[in-house]
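S.K.: My questions will all concern the structure given below.
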Amino acid sequence: MKLVTAIIKPHQLDAVKEALEAYGISGMTVSEASGYGRQRGHSEVYRGAEYTVDFVPKVRLEVLVDDIDASSVVDVILKTAQTGRIGDGKIWTVPVEDVVRVRTGEHGAEAL
Amino acid sequence: MTTAALLPLAAETPKINEAATAFMLVAASMVLLMTPGLALFYGGMTRAKSVLNMIMMSFGAMGVVGVIYILWGYSMSFGNLQDGSSDVGGVFANPFHLFGLSGLFGQDGTRLVDPFGVGVFIPETIYVGFQLTFAVITVALISGAIADRVKFGTWMVFAGIWVTLVYFPLAHMVWGGGLLSGAANGLSAKLFGATDGVANVLPIDFAGGTVVHINAGMAGLVLALLVGKRFGFGTQAMRPQNVPIVMLGAGLLWFGWFGFNAGSELAADGLASTVWLNTTAATCAAMLGWLVVERFRDGHATSVGAASGVVAGLVAITPACGALSPVGSLVLGVVAGALAALAVGLKYRLGYDDSLDVVGVHLVAGLWGTIGAGLLATSTGLFYGGGVKQLAIQTIIALVSVLISGVGTTVIGLALKATLGWRVSRDVESDGIDAAVHGETAYDISGVSGGRFGSGGAVPTTAHGAKTPEGATA
């Protein structure tokens, strides 16, 4: 199994969620995140005082998938979240040793 | 509140003016609402870790000043209004003359008062109430200059001493027939002469440009210098924690300000109506003035700028609202907004941490409004062919107010610095003054902070428990 984690622009979340559902992914975890990459932050002005805000709002999307689905899921997210402009985010995949469904105690692929 | 012409009680029994009384009950309530409005205006602009402390500085002022006003505040400011008894050198009235408002209640209930001597009698109790709300907000205004870093106890003690030694005397001097009024013993009468006991050139401060705004703005400047900068001032980003709350606060201030300005006529009449309109005119124009400066200087017209422009306009029109035309008010307002927008940048250049711009907004717009009245007053202003005398007396009362507030606040501020101390510890300041000093935090949005009821138990209490971090005593 693999854990696919994507950091995307918040307003791309709905489109990505729908595309993943259409692909057949039945669950995901989403959390608010903030950070920066090459784009760095942005500036805000309050009463003439300019502040550089380094960490910009992002959404962290996590999906647990079977090994064979991993690269397709990454593709689905990539195609939907990509705007081509700076700040689109990152996607990475890591191996997962085990997954347990809390309600039933099922392990592994059964628990996805 | 133009200069009170003292009128001895007429032989016949005065009759209550019900319309004016109803109006003053509403006006006083509206001015009281300004202080919670100010608390939101300021609270939204502080950092999330200190918003409750900021709000409590305003609410604390309500408590301390409200109590003191009833005990000796009214007596010290207006105690000689009714009986014409002498004051102390035109500076303040006897604080014990009407201590606890004794003497306001006869067999027929509260006595009536006609502060301007125009035959409009209202119960003296609501006049006390109206004036009380002014004292409250003036003290609360100062708190914005020293946000995030001051011991709550020191602030409460300061509020009581400052309102007694600085605010009450200044209110007496301007509105109670003292030195800065048009009374026969006032500065204006001495400079330009008097006719029948009234100065030839009446100083204009309709609703408190000197007493409220120059006074609070100057006190804010002095305290910001005495208390010192927040750690990280000028290097860290100190973003407003909740801009919509700033906007709500500005809206409440604007609404309450109608009570403040129109109510200062003490009657529901034509001038009160003009004052309402002038107040709106100046405020709208000031908001635009601020936004235009921002757009060209910073590239954006901001929400905080709009809210600040509104307040700058309200401040500037406060002394002048009874003397200008609506078009004159537009001119006064747009200049006020632009001036204040430029003035809020001064603190970074000069290096004082007036955290929420009490100086840039209240002192600068207060000075402009008070002095600008000498230019734009339709009957006596320089631009209307009235000559320079009005402008001169306006400049004098503005500068005397700066001086009184500056000296008084310096003495009180230094005394408190040497005794109770002003600053919370550095740890408390960087962790957040809310949790340490008040034992509360403003927001629990995520709901995952954990914990349980009560302070005891096997698990040692931490930040949100009963144990107060060292140095947090207020």
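Glycine is treated like the rest: Cβ placed from N, Cα and C.
This is the feature table in TrEMBL:
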DOMAIN    B:22-443  domain 'Ammonium transporter AmtB-like'
TRANSMEM  B:20-42  transmembrane segment
TRANSMEM  B:54-72  transmembrane segment
TRANSMEM  B:126-147  transmembrane segment
TRANSMEM  B:154-175  transmembrane segment
TRANSMEM  B:211-231  transmembrane segment
TRANSMEM  B:243-263  transmembrane segment
TRANSMEM  B:275-293  transmembrane segment
TRANSMEM  B:300-317  transmembrane segment
TRANSMEM  B:323-346  transmembrane segment
TRANSMEM  B:358-385  transmembrane segment
TRANSMEM  B:391-416  transmembrane segment
S.K.: I'm a bit unsure how to read this: which one of B:20-42, B:54-72, B:275-293, B:323-346 has the highest number of Cβ pairs shorter than 8 Å with the transmembrane segment (B:358-385)?
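M.R.: Comparing B:20-42, B:54-72, B:275-293, B:323-346: B:323-346 has the most Cβ pairs near the transmembrane segment (B:358-385).
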S.K.: Among B:20-42, B:54-72, B:154-175, B:275-293, B:300-317, which stretch has the most Cβ pairs under 8 Å to the transmembrane segment (B:243-263)?
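M.R.: Most contacts with the transmembrane segment (B:243-263): B:20-42.
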S.K.: Under 8 Å, at least three CB pairs between the transmembrane segment (B:20-42) and the transmembrane segment (B:154-175) (pairs 6 or more apart)?
M.R.: no
S.K.: Hey, would you say the transmembrane segment (B:275-293) packs against the transmembrane segment (B:323-346), going by three or more CB pairs under 8 A that are 6+ residues apart?
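M.R.: Touching, yes - the transmembrane segment (B:275-293) and the transmembrane segment (B:323-346) meet the threshold of 3 or more Cβ pairs under 8 Å.
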S.K.: Which range out of B:154-175, B:211-231, B:300-317, B:391-416 gives the transmembrane segment (B:126-147) the most CB pairs under 8 Å?
M.R.: B:211-231
S.K.: By a Cβ-Cβ criterion of under 8 Å, what residues six or more beyond either terminus of the transmembrane segment (B:154-175) are in contact with it?
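M.R.: Same-chain contacts beyond the ends: 1, 3-4, 57, 60-61, 63-65, 68-69, 72-73, 76-78, 87, 90-93, 95, 131, 134-135, 138-139, 142-143, 146, 181, 203, 205, 210-211, 215, 219, 397, 401, 404-405, 408-409, 412-413, 416, 420-422, 474.
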S.K.: Could you check whether the transmembrane segment (B:323-346) packs against the transmembrane segment (B:391-416) - three or more CB pairs closer than 8 Å, residues at least 6 apart in sequence?
M.R.: no
S.K.: At a C-beta cut-off of under 8 Å, are there same-chain residues at least 6 beyond the transmembrane segment (B:391-416) that contact it? List them, or none.
M.R.: 154, 157-158, 161-162, 165-166, 169-170, 173-174, 179-180, 187-188, 191-192, 201, 203-205, 209-211, 214-216, 218-219, 221-223, 226-227, 366-367, 370-371, 373-375, 381-382, 422
